[in-house]
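K.L.:
First the structure, which I've put down as structure tokens, then a few questions once you've had a look.
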């Protein structure tokens, strides 16, 4: 199931942005603001009450009963249409207003949406008496919160996301408390034991085989009019495949199975392309929701940039989402044909300057319209996915760590040198390396970057981000009670199950 989408709507100054920041800050999410495209609308990832979801701040709506639809910006309407859940915020202190009534009248027409009235700013007042008049809106119970203090926010999200629990992958992963699983983990595994670390390597090998057996999912993302539709159609046209459109809800992307050179792929279409070989030159409808969900669901992301335009903050925001999601990356510079050589040189110089922090990604200069360079993309796609899922062992990672520290020792802290003991794999896609040692909390960021670059060079990882986790002592999960993500919980359960079986 696609990640649930929660839209925050309401008139100005009712606390939507405060609630948005409260929700997204729970995961230190990268929040993108797309000026011009979405005006003052903000989109972010959030994790609260055990759920992952996307939250939209739709901005203030100054509507009236007669003209609310005219007053709502097009992007606000789109956000409501794309949302699974609409949280309609009202100000408990200010009371019911004509704008609230107008917005409620519009929302009542959206019968297919879960709509919840949320009375904010209930701190320091008799909330029940102040909220009573909001029942006139005819949208059911009134939920009370104080977003600035966080009061009632977790309970609110638990309630509104509950209908999705059975459909979400991690719904049954949190039945046992983190403390119970932490205790079992610490009892079962000794990370100073070669036998146990070898068993973990074997367990991760099983996970790696599962990853490698999958179709490679490719998402083509980028700003409007950079040529996503043209590139999608060119790829499908070149491969002469039958396109199976499998639309879900109005906000779901289209998943198109295809094959090339014996490798199965799934192309995630966020541009709304439906027919192979038919390129529409009209302005593409840009959906941030489709883009974020496609990035999360993909293995490899093709970030498409228009060679005739400068790299924008929107490009960098999309790039931030890709890196934050840990996805493999290929940079595609489209509309390369017909440019003068001096313009090409200037574009390459600009790419080197603005994108120097992702020098691990391959860059392709193509013309989606004419097809030049498109076929070569698949070499980089396969390379990036292979690097993201390559086999790593504890012995190999520890050996590389030793070489790195021999060449450049960690710094002295308080007269004691930071000691890095060993490393082991923590997962794949993206590659995760867990480094154990003493005084890890004092290890400078510059040295962490050095180790990351050293591992990348030694393992020859191209096109994929690499993540290093630094753990004090021998237990990789020490001090992380209640902080594991659902994916980490699932991974740890698989490891425990595998090693218990192997020890019998």
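Heads up, the Cβ atoms here are built off N, Cα and C, so glycines get one too.
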K.L.:
Swiss-Prot lists region 'Disordered' for one of the ranges 120-143, 144-167, 168-191, 192-215; which is that range?
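P.N.:
The listed stretch tagged region 'Disordered' in Swiss-Prot is 168-191.
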K.L.:
Around residue 270 (GTP 2 binding site), how many other CB atoms lie within 10 A of its CB?
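P.N.:
Its Cβ has 26 other Cβ atoms within 10 Å.
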K.L.:
Need one number: mean pLDDT over the domain 'KH-like' (390-474).
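P.N.:
A mean pLDDT of 91 is what the predicted model shows over the domain 'KH-like' (390-474).
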K.L.:
For a quick check of understanding: among the binding-site residues 13, 225, which residue's Cβ has the most other Cβ atoms within 10 Å?
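P.N.:
Top count of Cβ atoms within 10 Å goes to 225.
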K.L.:
Going by DSSP assignments with H, G and I as helix and E and B as strand, what are the residue counts for the domain 'KH-like' (390-474)?
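P.N.:
Across the domain 'KH-like' (390-474), DSSP assigns the residues as follows: 32 helix, 24 strand, 29 coil.
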K.L.:
List which of the binding-site residues 10, 13, 16, 58, 122 have their Cα within 10 Å of the Cα of residue 270 (GTP 2 binding site), in sequence order.
P.N.:
none
K.L.:
Determine, from DSSP, whether residue 228 (GTP 2 binding site) sits in helix, strand or coil.
P.N.:
helix
